[in-house]
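Here's the structure we're looking at; comments come further down.
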Amino acid sequence: MEEFDSEDFSTSDEDEDYLPSGGEYSEDDVNELVKEDEVDGEEQAEKTKGKRRKAQGIPARKRKQSGLLLEEEEDGKEDSGGSSSEEDEEEQEGGLGSENARKKKEDELWASFLNDVGPKSKAAPGSQTKVAEETEEISSNKPLVKADELDKPRESEKVKITKVFDFAGEEVRVTKEVDAASKEAKSFLKQTEREKPQALVTSPATPLPAGSGIKRASGMSSLLGKIGAKKQKMSTLEKSKLDWESFKEEEGIGEELAIHNRGKEGYIERKAFLDRVDHRQFEIERDLRLSKMKP
């Protein structure tokens, strides 16, 4: 058995180291081997060519894509630039239009203000013409207003009134200033208007012949004249008050006396205060009596 095993191992080694010679291969085997080698070489060459083509094609496509992107971006920028320029022009036109409208509004407001107040040196030319026309109309209407004002006296105007009184057989004339719209001034004006026609009637223009009827007429007219010309009598108290008022006007102490009387030492103010106190006390007592009388 051992010999058999050693022989087997030797044969296996010999088989591995055995190389057949070229003469032992047939032509068909050689042709097949050559074809297989050619096919393998072609496949490897195609693989390497395909890899190179892939490597060369990727950056070209990328470049083409980047070129397209850049062109699109440039076109977009140009479009955006054109649109932005158009928008800027539109905004400028809109700004000019708004400024013009604002200026027109300011001019109109200024003109209306000038119409209410009067013409100014810095006014617009259109407003100046309007104001000039209005001033001309006002100046043309002024004389009519003045004529009306002259016919009717104002309320603030003062009118001097002279009254004649009889004091102990003496004629006393009193002059004072009152408002033109007061009752006293109106009555005085009416009285003067009545006295004017009477004076014209009583003064004879031509001498009349003597006669009984004429004498009676003249006697009656004289009596009526005496009755109409009867003077109002003045009492002693009124005369003393009149003298005191005239003295104050001559000396110019009216304001000083008024200030003095308003103070604590003034007799008139004290008397008025005491009168108010008495009146208030009377009202309180009356209210108490009425409250007790109620059931």
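Yeah, the Cβs are placed from backbone N, Cα and C, and that goes for glycine too.
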Quickly, which of S21, S66, S246 does Swiss-Prot have down as phosphoserine? Just give the residue.
S246
Given the candidates S112, S222, specify the residue that Swiss-Prot annotates with phosphoserine.
S112
Inter-residue Cα distance where the pair is S112 (phosphoserine) and S246 (phosphoserine), in Å:
56
